[in-house]
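Taking it in order: structure first as structure tokens, then the write-up.
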Amino acid sequence: MKFGQTLIVTALALSQSSAFGLSRTSPKVNTLASPINGAFSPPNMDTSPLVKPIGLTSLNNSPSMDAVQATPRGGVLSSLKNVDIPLMAYFFFWYVGNYYYNITNKLALKAAGGSSGYPMTISSLQLGVGCIYALFMWAAPDARSTPKISFDDVIKMLPVAFCSMGAHSASVFALSAGAVSFGQIVKSAEPAFAAVLSQFVYGKKISKAKWLCLPIVIGGVILASVKELDFAWSALISACIANLFAAFKGNENKKLMDTAGLKDRLGSVGNQFAVTSILSFLMSIPILVLKEGSKWGGFVELWKTNPIVSFNLIASGLYFYGYNELATMTIKKTSAVTASVANTAKRVIVIVGVAIVLGESLDPIKLLGCSIGIGGVLLYSVIDQLVAKK
């Protein structure tokens, strides 16, 4: 794991050091000599066929004995050698980072006045915090090499950066207007938006099996909305806009990565995410000025006097950058289906965990709708492989 990746993981781990403790001890192995494994040989024993002990003869000639002797020693420890520890760490801290981002983001938004406060300011500054980290990684010795991109490469990355900024800002506004759990449930319907765009805008055919999964996803979201105590149309619409931007971002990113030589010039997945984040932050500034520029003085005063806002804004910015970069690295090391299943599991953990911590509604109908919607997303992710096998 490179220094940059290690620093992200370490930062996330240290922030929760009071809650987690890891220890590793090596089990003691007590190996006893026995006639079976050949480590013990009785003294003065005649091993000729005529006088060979019956028990030893039958064991050594047994077919199952050959299988036992051929079985590698080590048990669990031996199997652990084949586990991709860095990948497991990526998954773990991806989940932890996303979980704590949602909590710190909501705390900052609530302390700043919710949807009527400074959601665009907070979302923009969260991107800014990530940019500071990215620049530090390029400046630190032996941390991360700088990308060798051209001005034309930057121009080609603008659509992805704009969609990334739009998805993040709309998500933050949705979470400021309603419950985190409700916003996450609506955002789980992103495949529906991606399917429509892929089919009718980008000309990429979506299978009939996937189309049949979409009513399940949409139905689950509608059912969850019926019993949402903190329901707000602004939260629903903003989350849908975030889904739309995210769907555009996915398709535009695929087009971008088809650019000849771009991957080599960027150098790494971390550099790609860093450049995109910096461009997204720069694009968010004009929108911040137009939407909340007149309230900038009030936000500065709030920053100085309310540590809940300042601390959680910085923390949420670091969590947001960290878990997104780890998610990108995880997807690169796994298949698309594995990544989709992992993302679905992550959403369930965030919805339930954050709702418990923040005291949000967990009505049975809402949970049922959540289960149906996220189950539909999971089915959407694997349906083509299931149909292909049959």
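In case you wondered, yes, glycine gets a Cβ from its N, Cα and C as well.
All TrEMBL annotations are machine predictions without curation.
Residues annotated as signal peptide in TrEMBL: 1-19.
Residues or ranges marked as transmembrane segment by TrEMBL: 85-101 (among others).
What TrEMBL lists as domain 'Sugar phosphate transporter' is 87-381.
Non-local neighbours of the transmembrane segment (122-139) in the same chain are 4, 7, 105, 108-109, 112, 145-146, 165, 168-169, 171-173, 176, 270, 273-274, 277-278, 280-281, 284-285, 287-288, 313-314, 316-318, 320-321; each lies 6+ residues outside the stretch with a CB under 8 Å from one of its CB atoms. The transmembrane segment annotation in TrEMBL covers 122-139 (among others).
Long-range Cβ contacts of the transmembrane segment (209-225) within its own chain (Cβ-Cβ under 8 Å, at least 6 residues beyond either end) map to 182, 185-186, 188-189, 191-192, 195, 231, 236, 365-377, 379-380, 383-384, 387. Sequence annotations record features per position, and here TrEMBL assigns transmembrane segment to 209-225 (among others).
According to TrEMBL, the transmembrane segment annotation covers 231-248 (among others).
Per TrEMBL, the feature transmembrane segment maps to 269-288 (among others).
Positions annotated as transmembrane segment by TrEMBL: 308-324 (among others).
TrEMBL lists 336-359 (among others) with the feature transmembrane segment.
The transmembrane segment annotation in TrEMBL covers 365-383 (among others). Same-chain residues lying 6+ beyond the ends of the transmembrane segment (365-383) with a Cβ under 8 Å from its Cβ atoms: 181-182, 185, 188-189, 191, 207, 209-210, 212-228, 337, 340-341, 344, 347-348, 351.
The predicted model assigns the domain 'Sugar phosphate transporter' (87-381) a mean pLDDT of 86.
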